[in-house]
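What TrEMBL says about this protein:
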- 162: active site, proton acceptor (ACT_SITE)
- 26, 27, 28, 29, 212: substrate binding site (BINDING)
- 60, 112, 113, 114, 115, 116, 117, 118: ATP binding site (BINDING)
- 118, 150: Mg(2+) binding site (BINDING)
- 2-49: domain 'Galactokinase N-terminal' (DOMAIN)
- 83-168: domain 'GHMP kinase N-terminal' (DOMAIN)
- 268-343: domain 'GHMP kinase C-terminal' (DOMAIN)
- 20: site 'Transition state stabilizer' (SITE)
Ligand code: GAF
């Protein structure tokens, strides 16, 4: 089925926005900290044409639903369509006069695998609407508009990482983003001799359901008690941990502050060409996410453990947690062994077989035709 089959006319163009893997710096974005994601080759493609009646028509090759949204308002649109309609709403709220459109969505990103399929959808729609209506929005601002769609229209209190990764990443690089200032730098990610294996643990994640929001609220409460604007501002971790009475808030703070440090350390190693050395930081980040931030899940812990046992230089869960994917940094000649070890460990436990993809640091969102 193509655009013509759906809408009986030709499209005006196609736009593609990638999913992401975050190399390191998890749950640091909404603490005004640092992240280091890169864009995947997999993503969401939107094919679209303007409509002159303001209506948004939405179809997806991954869903049987056909939706017509006449007046996008929070709460009125649910499911996958809310991410697309939310972007039109957020663009209009930001003062950009985007009109209606017929939109066909296609994706080769697994949903719920923690690879940011929602942000990819938002960013592809955002680019399409801006281009169709001849509106130029700087990409960092477009990322904030897409984030607003997710925060205020979908109701998921995410940070700015995923939308920034989808819009700002470049091929062969990771994106060092300062989530407070919005300043970013491209950091070369040369994987020669290494494989960055994405292991879809097949435990689906659902971030709208409360665990993510609870983590965010705990971080904000810790910052408030410590008298700093955000956990990024904690300079003396030991003193901060002594000052917090609540052991849960102490654990959350410890994770955020140390993961911010790990981002800086990883950037130093990448810039020095010591990519394999980043592995140890990945595993340290995973243990922190498991034990201090408490967002890991059994399939991720087993994947990390088995990958490292089979020769990965390091591995960790990626994204918000509670399900999704793990990445493992593996010498190329050990990649087969790692896949086999994780597959056997899952089979032994009676779990659904994991899926593997080699991550290739790819281009950010762009017009395709
Ligand atoms: C999810 C969110 F959408 C991001 O903003 C980020 O907080 C991430 O979880 C955790 O690092 O992907």
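The backbone N, Cα and C atoms fix where each Cβ goes, and this holds for glycine too.
No curator has checked TrEMBL annotations; they are predicted automatically.
Source: prediction; values computed, not measured.
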Candidates near ligand 1 among the binding-site residues 29, 114, 117, judged by a Cβ under 6 angstroms: 29
Max pairwise CA distance, angstrom, over record-listed ATP binders 60, 112, 113, 114, 115, 116, 117, 118: 20
Candidate with sparsest Cβ neighbourhood (10 Å radius) among 28, 60, 116, 117, 118, the listed binding-site residues: 60
Tally of residues which DSSP labels helix, strand or coil - the domain 'GHMP kinase N-terminal' (83-168): 51 helix, 8 strand, 27 coil
Neighbourhood of residue 29 (substrate binding site) by C-beta distance under 8 A, where only residues 6 or more apart in the same chain count: 35, 159, 160, 161, 177, 179
Rounded mean pLDDT for the residues that make up the domain 'Galactokinase N-terminal' (2-49): 98
Nearest of the binding-site residues (26, 114, 115, 117) to residue 20 (site 'Transition state stabilizer') - Cα to Cα: 115
Binding-site residues compared (113, 115) - highest count of Cβ atoms within 10 Å: 115
